[in-house]
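**Q** So Swiss-Prot says this about it:
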DOMAIN    45-111  domain 'Importin N-terminal'
REPEAT    95-135  repeat 'HEAT 3'
REPEAT    142-179  repeat 'HEAT 4'
REPEAT    194-231  repeat 'HEAT 5'
REPEAT    236-268  repeat 'HEAT 6'
REPEAT    276-325  repeat 'HEAT 7'
REPEAT    330-372  repeat 'HEAT 8'
REPEAT    524-558  repeat 'HEAT 12'
REPEAT    562-600  repeat 'HEAT 13'
REPEAT    603-648  repeat 'HEAT 14'
REPEAT    815-845  repeat 'HEAT 18'
REPEAT    860-893  repeat 'HEAT 19'
REPEAT    897-931  repeat 'HEAT 20'
Amino acid sequence: MERREEQPGAAGAGAAPALDFTVESVEKALHQLYYDPNIENKNLAQKWLMQAQVSPQAWHFSWQLLQPDKVPEIQYFGASALPIKTSRYWSDIPTDQYESLKAQLFTQITRFASGSKIVLTRLCVALASLALSMMPDAWPCAVADMVRLFQAEDSPVDGQGRCLALLELLTVLPEEFQTSRLPQYRKGLVRTSLAVECGAVFPLLEQLLQQPSSPSCVRQKVLKCFSSWVQLEVPLQDCEALIQAAFAALQDSELFDSSVEAIVNAISQPDAQRCVNTLLKLIPLVLGLQEQLRQAVQNGDMETSHGICRIAVALGENHSRALLDQVEHWQSFLALVNMIMFCTGIPGHYPVNETTSSLTLTFWYTLQDDILSFEAEKQAVYQQVYRPVYFQLVDVLLHKAQFPSDEEYGFWSSDEKEQFRIYRVDISDTLMYVYEMLGAELLSNLYDKLGRLLTSSEEPYSWQHTEALLYGFQSIAETIDVNYSDVVPGLIGLIPRISISNVQLADTVMFTIGALSEWLADHPVMINSVLPLVLHALGNPEPSVSSVSTLKKICRECKYDLPPYAANIVAVSQDVLMKQIHKTSQCMWLMQALGFLLSALQVEEILKNLHSLISPYIQQLEKLAEEIPNPSNKLAIVHILGLLSNLFTTLDISHHEDDHEGPELRKLPVPQGPNPVVVVLQQVFQLIQKVLSKWLNDAQVVEAVCAIFEKSVKTLLDDFAPMVPQLCEMLGRMYSTIPQASALDLTRQLVHIFAHEPAHFPPIEALFLLVTSVTLTLFQQGPRDHPDIVDSFMQLLAQALKRKPDLFLCERLDVKAVFQCAVLALKFPEAPTVKASCGFFTELLPRCGEVESVGKVVQEDGRMLLIAVLEAIGGQASRSLMDCFADILFALNKHCFSLLSMWIKEALQPPGFPSARLSPEQKDTFSQQILRERVNKRRVKEMVKEFTLLCRGLHGTDYTADY
């Protein structure tokens with residue numbers, strides 16, 4: 001292991017220099033760390049002390065800092081330095097010093113057995129990491145030796161102190177193994193050695209746990225030690241006696257938590273499923289906890305009920321398949337399942353009265369998966385047993401999903417409400433999963449219950465019960481195709497009978513209707529049963545999200561059946577928009593809903609509705625355009641522009657978004673004449689320009705204007721063609737006055753859709769040349785303040801090369817300047833900008849042969865590009881961007897091979913470039929590897945990743961384990 005270089009520095013004023021890591025200087029730095037009020041001095045001291053801990057001198061001062069006359073803070077620092085040395089710098093220790101180091105650690109642990117516990121733990125960690133480094137060859141019976149040494153009668157420390165110290169050492173040993181940095185082959189050897197050594201540990205633990213005279217602190221430590229060892233995947237049958245003792249210890253409240261942890265860890269080991277006989281012996285032990293569980297629930301003892309539930313779930317969830325296979329024991333496993341059911345349905349509202357039920361949900365997934373994985377005959381038998389259980393589970397889950405009373409819910413904190421919301425989502429996911437087991441019968445079951453509830457005249461029903469049943473329907477309908485269910489028509493008929501007196505119920509009614517929108521599209525005759533409810537809810541601000549999102553779903557899925565209701569929907573929507581009932585985001589959704597709705601109407605109807613819908617906003621915008629800019633009218637302008645752009649996002653009379661849905665879709669004939677959106681845009685174009693003239697320097701307003709056209713272009717595609725010339729002209733004026741990234745993004749859309757069409761090429765070429773010229777000027781003035789503009793510009797250039805390389809043929813385009821600016825952009829600190837620049841070069845380099853100006857500039861300035869790429873790989877850019885730079889190298893190699901082979905050797909020639917950590921041989925190997933690989937891009941990426949690690953001095957370190 002390489003030694004770290006020590007940095008010169010001091011632990012504050014008057015402290016020793018960095019290389020003078022003496023006891024005195026360390027003590028002085030520690031005093032500064034703990035007691036100096038100056039935070040800067042504290043930070044300096046901490047940095048210096050961290051260097052001290054890894055220095056060679058740490059071997060000397062650590063022992064001196066452990067002297068009895070030192071205060072605990074100093075002793076703790078000395079003890080903390082030792083595990084760092086024994087784990088990370090083991091190679092520094094000469095082999096002839098192993099034994100003396102071991103003896104010193106044993107001595108110190110014995111001395112601190114009755115001293116500071118935190119110091120004792122650090123010393124135990126040091127000895128544990130030393131043992132792991134020596135096992136199995138240099139210290140074959142490490143654990144047995146530890147036990148023997150601490151049981152020696154001639155120790156000055158009392159028996160209980162020695163016992164606790166030994167247990168601490170035995171506890172940290174497996175924990176250190178789990179987090180150790182041992183090489184993989186050594187880890188396997190040490191794991192095997194530890195598994196053998198558990199024979200020296202478990203008898204001792206059993207004896208201490210079952211010994212009546214053992215004090216509570218010792219027994220608790222025993223349980224923690226056992227919990228640590230079982231995670232080494234010790235065979236379950238070897239733990240049987242200790243597990244039984246841990247079950248007995250559950251009756252002791254002081255030992256309860258430690259016992260639960262030990263039992264759960266033992267049961268949860270993956271290999272435990274092989275020990276079926278031991279698992280079968282555990283079922284009665286778990287079932288024996290039911291009375292303790294009931295008492296805990298009755299007394300409101302959440303910790304005890306939580307712990308027992310963890311044990312039951314650990315056994316059921318980890319081993320359901322193995323236990324289901326034991327057919328002759330089906331009744332005992334069913335009893336365990338019913339115990340877990342009790343935990344799922346534990347009384348009280350989650351998370352205020354209980355936090356246990358959520359632990360059980362994954363078990364029901366696992367059990368169902370295991371049952372459904374059996375062959376047909378066996379599955380049928382288990383279905384017969386467990387279908388009733390799963391129907392009971394549905395009842396339990398819907399009961400748990402019920403809201404508390406309004407009064408009680410009002411006292412809940414926002415955090416508790418959020419936890420309950422997440423819990424209900426988990427229940428929803430479980431119900432959706434359970435549908436696979438129960439099928440259509442589940443929907444019938446829910447429908448029957450809801451029907452009885454809503455039609456019963458005997459007793460008044462609670463809204464919570466109704467809401468939960470509807471929530472069950474919604475959970476299933478959102479993800480499962482219910483189009484063929486025979487109960488949905490009845491449900492649609494029941495929904496209007498629900499008396500909605502509460503926002504939670506209103507939300508669930510709305511979301512349920514939304515979940516059934518696809519069904520409504522196939523059964524349009526039922527739309528009128530629920531649409532009035534949705535429109536009525538729009539007028540209420542409380543169920544805003546649910547009502548607006550449901551209307552949007554209906555308008556999207558059922559638009560071809562909505563023309564008879566269109567006037568009413570538009571009128572209600574217009575009313576709520578004018579009254580400003582909803583927040584901004586819901587207003588935007590509502591406009592999207594109206595866009596879907598209008599798409600299915602005749603052009604004349606669309607224009608008529610558009611006129612009535614947006615005229616008030618146009619009038620408002622005209623008024624705002626006359627006013628002097630201020631923050632208040634800016635918000636209003638952005639809001640109106642947002643409404644228009646969201647409307648145009650979905651208003652598509654060509655039905656582009658339906659193209660993937662097959663020929664059977666009922667489409668209207670494609671209308672002749674101008675698109676209604678284009679008609680409206682042309683009408684308001686002058687007004688938008690007027691607004692822009694006053695707000696050109698405001699990025700938010702410019703972005704909102706560009707969004708209208710960008711969303712319209714994306715939706716209308718070729719239908720947008722009549723607007724192209726005037727939009728190009730407007731964008732040019734906008735960008736010339738004040739460059740904004742949003743204008744470049746819109747230009748990119750125009751290039752993508754229209755640049756290949758001869759009729760539109762001239763205005764687009766003129767715009768492209770203009771924005772390029774303006775942006776190049778920006779680069780001359782200093783582009784670092786505008787990473788967003790540079791990012792968008794690079795994306796525009798890449799799109800132009802991809803879609804219409806002819807744009808680079810124009811003599812007025814300064815390709816050389818563009819190239820140099822892109823090289824500069826590679827050095828930006830912002831990752832998105834660098835990615836966009838790399839994307840530009842990967843599009844540019846393949847054009848070397850076909851576009852003369854590109855070929856010329858690559859020949860002249862390509863070496864500059866290569867140097868920038870190598871600098872980035874050498875450490876100037878984030879490691880996350882290496883794939884992007886690898887793409888450039890691959891493109892250079894593929895399209896400019898002869899040039900690259902010359903440049904790369906020249907570029908890597910200077911010593912220290914691109915990193916001082918590289919040898920000439922490593923640089924030569926890299927250049928040869930790159931030049932050889934012209935086909936496999938993935939291999940080039942691997943080479944670059946390997947090379948950048950060498951450049952950064954990270955090759956072979958822990959930092960790169962997941963890289």
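A Cβ is built for glycine as well, from the same backbone N, Cα and C atoms used for every other residue.
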**Q** Counting Cβ pairs under 8 Å to the repeat 'HEAT 5' (194-231), which of 142-179, 524-558, 897-931 comes out on top?
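**A** Selected stretch: 142-179, with the most Cβ pairs under 8 Å.
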**Q** Over the span of the repeat 'HEAT 18' (815-845), count residues by DSSP class, listing helix, strand and coil in order.
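**A** Helix, strand, coil within the repeat 'HEAT 18' (815-845): 26 helix, 0 strand, 5 coil.
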**Q** What residues elsewhere in the chain lie close to the repeat 'HEAT 13' (562-600), defined as a C-beta under 8 angstroms and at least 6 residues from its ends?
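**A** Sequence-distant neighbours of the repeat 'HEAT 13' (562-600): 527-528, 531, 535, 538-541, 544-545, 548-549, 551-552, 554-556, 606, 609-610, 612-613, 616, 639, 642-644, 646-653, 655, 668, 676.
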**Q** Given a Cβ distance threshold of under 8 angstroms, which distant residues of the chain, six or more beyond its ends, lie next to the repeat 'HEAT 8' (330-372)?
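**A** Hits for the repeat 'HEAT 8' (330-372): 280, 283-284, 286-287, 290, 293, 297, 300, 302, 305-306, 308-310, 312-313, 315-317, 320-321, 323-324, 379, 382-383, 385-386, 389-390, 392-393, 396-397, 399-400, 404, 408, 412, 416, 419-420, 423, 426-427, 430, 433-434, 436-437.
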**Q** Please indicate, using numbers and ranges, the residues of the same chain that are 6 or more beyond the repeat 'HEAT 20' (897-931) and have a C-beta under 8 Å from a C-beta there.
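**A** 858-859, 862-863, 866-867, 870-871, 873-876, 889, 940, 943, 947, 950-953.
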